[in-house]
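*Asks:* Below you'll find the structure I mean.
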């Protein structure tokens with residue numbers, strides 16, 4: 001009871017002493033590491049040290065630690081008058097990146113102020129002997145407000161005012177708590193993957209139509225309208241789920257002047273047999289397959305989208321290439337095996353967009369065409385990147 005709280009200067013001196021002790025321990029560890037390395041030089045031919053990139057100290061703060069190797073720690077502290085938001089310690093992981101997020105320093109949401117209390121004349125019923133008094137301000141009656149009174153406690157001529165989580169102290173006498181707009185404080189996408197809406201003392205994330213808010217309350221999960229029967233496709237159409245929606249597609253066999261086709265499966269058409277000597281008919285594709293893919297907007301490239309393979313080979317040569325489609329500049333076809341060709345996305349696509357690519361596989365025997373097989377790939381690009 002007779003002890004006094006340390007002053008701000010005493011706390012700063014204590015922190016400086018701790019920092020010096022850490023620096024001494026770190027220097028001792030480095031010296032020991034150099035000695036160990038010298039002892040093993042006769043036994044190890046090559047020694048490589050992996051390290052994480054140098055972490056930057058937060059604004060209005062400092063970083064403690066100068067060894068950035070795997071398994072090592074760095075510590076962060078803020079200047080007086082600032083609170084550390086984020087981890088105080090980060091570890092260099094084996095993936096050569098630091099654990100946790102980069103911390104930041106924010107002004108404290110409470111303060112100590114010294115006030116002069118003028119006591120009224122004692123009433124006849126009051127005690128004449130002086131005694132310390134303690135009082136606490138009432139809780140705000142409107143918690144949904146963005147500005148509310150602070151919680152102040154008076155004791156021995158000093159006043160300590162605090163704010164609820166999500167508010168910062170303000171006002172001439174530190175008697176006002178103002179809501180912190182987390183959506184502006186953090187860069188877009190840090191708190192919410194889509195839309196961040198500030199609320200008194202907190203924030204709330206929202207997702208666009210076609211998505212559900214995930215359990216952690218920050219990311220968005222696509223709703224599969226096709227599986228949940230939330231679509232309006234007809235019986236003749238197929239429902240294709242996309243990121244944030246769905247598409248109703250119709251697979252129809254082509255009408256050609258030199259050949260006729262019959263639908264042999266929901267997504268495949270086969271050419272009817274050609275008359276003997278009908279070269280125009282034999283030049284038409286033997287089969288046409290339809291495939292539908294859904295991707296997010298601005299997806300990184302190059303990226304494998306689809307593979308076409310031959311179940312059996314009659315000739316001596318297989319060729320793969322692009323036969324047509326909308327957006328050919330975004331696609332490329334490469335051979336990835338003796339019987340396999342790969343459709344690649346070579347440039348990112350910003351949605352919403354619908355692109356088509358026609359991959360042709362030709363089979364030859366001594367440069368004579370034996371058959372052509374066409375795969376039509378339709379790409380539905382979402383307007384969102386998730």
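Each Cβ is built from the backbone N, Cα and C atoms, and glycine gets one as well.
Note that TrEMBL annotation is computational and uncurated.
According to TrEMBL, the protein has these features:
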| type | residues | note |
| --- | --- | --- |
| DOMAIN | 50-107 | domain 'Sushi' |
| DISULFID | 78-105 | disulfide bond |
| REGION | 121-147 | region 'Disordered' |
| COMPBIAS | 124-146 | compositional bias 'Low complexity' |
| DOMAIN | 179-221 | domain 'EGF-like' |
*Asks:* Including all protein chains displayed, how many Cβ atoms other than that of residue 105 (disulfide bond) lie within 10 Å of its Cβ?
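*Replies:* Cβ-Cβ neighbours of residue 105 (disulfide bond) within 10 Å number 21.
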*Asks:* Averaging the per-residue pLDDT over the domain 'Sushi' (50-107), what integer do you get?
*Replies:* 85
*Asks:* Could you tally the C-beta atoms, other than its own, that fall within 10 angstroms of the C-beta of residue 78 (disulfide bond)?
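*Replies:* The answer is 22 other Cβ atoms.
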*Asks:* What counts of helix, strand and coil residues does DSSP assign across the domain 'EGF-like' (179-221)?
*Replies:* 4 helix, 16 strand, 23 coil
